[in-house]
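*Asks:* Straight from Swiss-Prot, here's the annotation block:
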type	residues	note
SIGNAL	1-44	signal peptide
CARBOHYD	Asn123	N-linked glycosylation site
TRANSMEM	159-179	transmembrane segment
TRANSMEM	183-203	transmembrane segment
REGION	184-295	region 'A'
TRANSMEM	214-234	transmembrane segment
TRANSMEM	244-264	transmembrane segment
TRANSMEM	288-308	transmembrane segment
REGION	334-437	region 'Required for nuclear localization'
REGION	334-403	region 'B'
MOD_RES	Ser366	phosphoserine
COMPBIAS	415-425	compositional bias 'Acidic residues'
REGION	415-437	region 'Disordered'
MOD_RES	Ser419	phosphoserine
MOD_RES	Ser420	phosphoserine
COMPBIAS	428-437	compositional bias 'Polar residues'
Amino acid sequence: MAGGIKVSVWSAVGPGPRCWGAGGGGGATWLLLVVAGCVVCGSADVNVVMLQESQVDMNSSQQFCYKNVLIPKWHDIWTRIQVRVNSSKLVRVTQVDNEEKLKELEQFSIWNFFSSFLKEKLNDTYVNVGLYSTKTCLKVEMIEKDTTYSVTVTRRFDPKLFLVFLLGLTLFFCGDLLSRSQIFYYSTGMSVGIVASLLIVIFMISKFMPKRSPIYVILVGGWSFSLYLIQLVFKNLQEIWRSYWHYLLSYILTVGFMSFAVCYKYGPLENERSINLLTWTLQLLGLGLMYSSIQIPHVAFALIVIALCTKNLEYPIHWLCSTYRRMCKASGKPVPPRLLTEEEYRIQGEVETQKALQELREFCNSPECSAWKTISRIQSPKRFADFVEGSFHLTPNEVSVHEQEYGLGSIFTQDEELSSEEEGSEYPTFTQNNFLT
């Protein structure tokens with residue numbers, strides 16, 4: 001009897017000749033296949049320990065389940081539920097969804113057999129539980145005897161999630177500034193070179209490989225192995241720094257300098273399209289970090305929508321302000337223009353005259369001016385040539401005539417005429433000349 005199923009094995013071990021294989025070895029093989037199939041089909045009872053938000057100490061392999069009964073609230077957006085397994089020696093931890101999957105782990109199968117060798121063996125590991133996950137189960141297997149371990153369930157505010165959210169918010173709102181910053185360009189290039197140096201080497205090797213070459217299979221395996229090494233290093237970074245800090249520091253300095261040299265050779269981005277692509281990439285990365293750092297999906301979606309609206313809010317606000325100004329100008333009374341005083345009129349006339357004369361000199365000295373055609377149309381070519389060279393544009397005689405007509409003498413004459421006309425009035429009229437002030 002195996003799992004409630006009767007197995008008949010007489011045909012594999014009974015006497016008499018059999019045609020299942022040479023030397024009767026096929027009968028034993030058939031027996032093993034039947035027994036293995038029955039073991040896979042059979043079901044075993046699983047002893048499961050229900051976890052609470054506390055600590056449990058064990059000294060044997062055991063299965064655990066945690067049932068989340070609390071409904072997440074809006075203030076739990078950065079709350080994380082973790083199951084920590086801390087042991088004195090190496091243990092293997094497997095996470096599944098429910099008890100049925102735990103029963104499948106207890107049954108023999110080829111997949112479970114090979115996957116047991118691929119799973120990491122750690123003495124301190126964390127299992128994250130989603131806030132909306134109703135149940136999470138895990139299996140702790142002891143590798144060595146005399147191993148003790150503790151299983152702790154915690155529900156607390158995670159500052160890492162908050163920092164990731166701030167990083168995503170910064171990338172989204174400052175992506176256009178960061179894409180044009182040289183400091184961001186060099187720091188990002190050095191960081192990528194330090195973290196993914198092995199991936200970059202494999203990528204450079206693939207550039208020299210011929211197309212349709214079998215070596216691409218090895219390169220794909222190299223990519224996967226490199227990603228696995230990066231993940232493994234980050235998980236054990238603290239231990240690596242404690243034991244091999246001098247090698248790690250030498251690696252960071254060497255690869256960082258090489259990455260800086262490569263970035264310096266190519267220089268920051270100058271093409272506007274490339275800058276736009278980098279900006280959009282940073283903004284999408286920021287939105288992804290914001291969504292992944294918030295544990296409640298609908299709150300994360302709402303915050304992303306608010307961020308998108310806020311980012312593009314300047315355009316509708318600018319349009320509304322310009323529309324409001326146009327409406328105010330259309331509905332309001334026209335404001336009469338302010339008239340210039342005599343002093344302002346005189347100053348403006350002098351400034352504009354000098355400006356126009358200078359522009360005329362520049363035009364006459366430019367290749368666009370036809371000198372012979374201009375000279376043929378004027379009465380005094382020498383005077384025109386002196387003016388182009390910087391001489392005054394009026395002769396002394398013209399200045400004298402202008403002063404007699406519009407200068408101080410003409411002003412006194414006008415004042416005398418006005419005084420004689422107003423002698424019979426009761427109150428005399430005084431005329432103020434702004435040219436004298």
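Residue 1 is the first one shown; counting continues down the chain.
A Cβ is built for glycine as well, from the same backbone N, Cα and C atoms used for every other residue.
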*Asks:* Can you tell me which parts of the same chain pack against the transmembrane segment (159-179), counting only residues 6+ beyond its ends and a CB-CB cutoff under 8 A?
*Replies:* 78, 80, 269, 275-276, 278-280, 282-283, 285-295, 307, 311
*Asks:* When you scan the chain for residues with a C-beta under 8 Å from the transmembrane segment (288-308), skipping those not six or more beyond its ends, what do you find?
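*Replies:* For the transmembrane segment (288-308), the list is 72, 74, 76-80, 130-132, 161-162, 164-165, 167-169, 171-173.
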*Asks:* Over all shown protein chains, what is the count of other CB atoms within 10 A of the CB belonging to Ser366 (phosphoserine)?
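*Replies:* So the number of other Cβ atoms within 10 Å of Ser366 (phosphoserine) is 8.
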*Asks:* Should anything in the same chain at least six residues away from the transmembrane segment (244-264) have a Cβ under 8 Å from its Cβ atoms, list it; otherwise answer none.
*Replies:* 185-186, 189-190, 192-194, 197
*Asks:* So, by DSSP, how many helix, strand and coil residues make up the region 'B' (334-403)?
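*Replies:* Secondary-structure composition of the region 'B' (334-403): 46 helix, 0 strand, 24 coil.
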*Asks:* Taking only the residues in the region 'A' (184-295), give me the average pLDDT of this model.
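*Replies:* Mean pLDDT, the region 'A' (184-295): 79.
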